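Now, the feature entries from TrEMBL:
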DOMAIN    A:138-201  domain 'CBS'
DOMAIN    A:202-258  domain 'CBS'
TRANSMEM  A:283-300  transmembrane segment
TRANSMEM  A:312-336  transmembrane segment
TRANSMEM  A:357-378  transmembrane segment
TRANSMEM  A:384-410  transmembrane segment
TRANSMEM  A:422-445  transmembrane segment
């Protein structure tokens, strides 16, 4: 049966209040498919669903739903508060925390007060970590053992804890102070004999992240090492959580979207379809840049007399600003990416800027000579060609410098370089290009009129 | 000891040809760390390393190195060909295939001829899949069992195959025709009793991908379902491979980098530090766009007479082209992202374009009114303000249309919409903006001179 038909069928069971049929068919779906069903239900149908499914069953599905941020509040609100609290406490803590983070403090408090104290405490501890740190994406549902256990006893702990642990594929070895001393994969546990000791087979080259590390760095480490999960320690090297690869994929996607958004000067994740909402999100950038653009216009207006003497100059304004803007955008994108990719200690800002200036000069010379010939032949005026060519060379070099220098500057003063947008760079290079162009043209005015 | 010191120490062992010390210290590193050591070696040291490590040990490290594409050819070349072939056949097949894909056909053939026939055949089969398909990133080293086995017998297969399987965390259940009939996780195997039957506990809601599916779709499925691996089937639903989450992370990163590169009109993954190489990669786009820009200049030159009569018009060219370009870039980025994010059947091109036109009109009206007031007050000329305002409104609306229509058009005619670049859109909107601006100005010329 097609999935669309299955959804239709499930809705019919719901509408007919046929709890048994609904449960039989709904619960055999994968939780992701369950979430797709849930998202397609009407308000009434969802309300009925809460009566048909236990908080635990709803929790399994909500692990997946966590990303539909804008609706989470509505869903929780329409549930009986005790049911919602039970569901939240059945979820993996990292996901429960992600959901609670969408709510206002009073509502969070309400749900926490309805939960078993242990769960509420655990969640409260996770809620306090700052956004985008390892702590904010970790879960506390890991499995830990001691080094002086046999594999057999480790396996029995593992079997017992498997239902609630977020991953059982890595088991972490701690000492009596909860300090992380080793790690062992389920693969290793399985291929070794029952009576071997953990300390003989555990890996003791520990790779862990600090709870305050940036989530981007955590993502890079997991990718470098091809881990399925990584342990999180506090400043005393005590194990306090783990981060699993599925959450890292979310981080990678979010960071990619935010880099992309930054370059375009717009939040590309915009979900609204209301054109007024869309416009209201895009306008701030546009208006700011508009006023920067008025700066460029003011600059040009200083050269108005030159233009009325040699109107041909106006013909090439957009060509020079446009080409410099394109070069600056390329330079910006490369610089932002290099800043994001390399480790702190591999970064060499001077070298990056120097490299952009050099490649700017080379592209500038090639582009300048091309336009010198093109304009010279087209306008039968090689002096004009020379003016445009030299202006182009200078404007491109400056644009490359700006494209690399601005993200570096932002990084230095503590901003995310990825928010340096392409539109900002092009608008800024409009200004520098115009300045360069008219000053060079001024030198040759005798030959241009 | 710091990692930097460890590297120095290991190099000393290599230089002193102290094979035992080198092996002891090198092999206790994580393979990722081994790869960092390897990448820091001189040519001579690497050659010595090949004598100190077995092909299998080198293979474990090369699983991680796979991404350093540009150097792979050099590394293989400097090895003894038989050693290189042995190493390649010890690697997971998907990674060996990734590496071989960097080489020319004759070299591939040479290495395959030096491998055991079984490995060579397996690799040959994988090499024939097209880039960016599921087949090109899958591996054939998975574990499969039959449904009428007990858990105990399944576990013994798993223990035996664990050393060479790429993942043991999912076991796939096939029938006698190798058709995929179920899947079971190691977690399930562990929590159930030894004498239970596989068919009683296996999941029979199968989520698999076809070998010819686009790798982007595979990545989306793995993310949706939070899988660690997904089975790959051929057109007859026979199991032929699996794709693991670490390879999916590489796909996500590559796709994000290519989207980002597309938007900027430059390959942001450029590795070269030679400014001539860098420039030569950026120039093609710049020169193409330069000639499109000359088109805009030609257009302006048709209005040269107007400009010499009213040189104030030249002052606002860059403001209008710049703002329209910014709006077009925003629109482009949103459209590209929406096209990439949504499933084939959820796409509604008409709606997307309509939404961009509507939000273009709204942003255009707001920006237009703003600039009408600003210019009117600044130049004490509200007719001029009106010309600029109307031109801005029209230019932004057209830019939004172009920004959404062009990626959709590219998708329709079978191109990746992500290569529609910001620079291309801004250069194109320069042309439309200028056309709009001067035609509107022409209507009001009596009031502008």
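We number each residue from 1, going along the chain as drawn.
Even glycines carry a Cβ here, placed using N, Cα and C.
TrEMBL annotations: computationally assigned, not manually curated.
Proximity of distant same-chain residues to the transmembrane segment (A:283-300), defined by a Cβ-Cβ separation under 8 Å and at least 6 residues beyond the stretch ends, is recorded for 265-266, 307, 317, 321, 421, 423-424, 427-428, 430-431, 434-435, 438. Listed as Cβ neighbours of the transmembrane segment (A:384-410) (distance under 8 Å, sequence separation of 6 or more from its ends, same chain) are residues 312, 316, 319-321, 323-325, 327-336, 339, 349, 352-353, 356-357, 359-361, 363-365, 367-369, 371-377, 416-420, 424-425, 428-429, 432-433, 436-437, 440-441, 444, 447-448. Confidence in the domain 'CBS' (A:202-258), given as mean pLDDT, stands at 91. Tertiary proximity for the transmembrane segment (A:312-336) is limited to same-chain residues at least six positions away from its ends with a CB under 8 Å from its CB atoms, namely 259, 262-263, 296, 300, 303, 306, 352, 356, 359-360, 363-364, 367, 371, 375, 379, 381, 384, 388, 391-392, 395-396, 398-404, 406-408, 417-418, 420, 422, 425-426, 428-430, 432-434, 436-438, 441, 448. Listed as Cβ neighbours of the transmembrane segment (A:357-378) (distance under 8 Å, sequence separation of 6 or more from its ends, same chain) are residues 316, 319, 323, 327, 331, 384-386, 388-390, 392-401.
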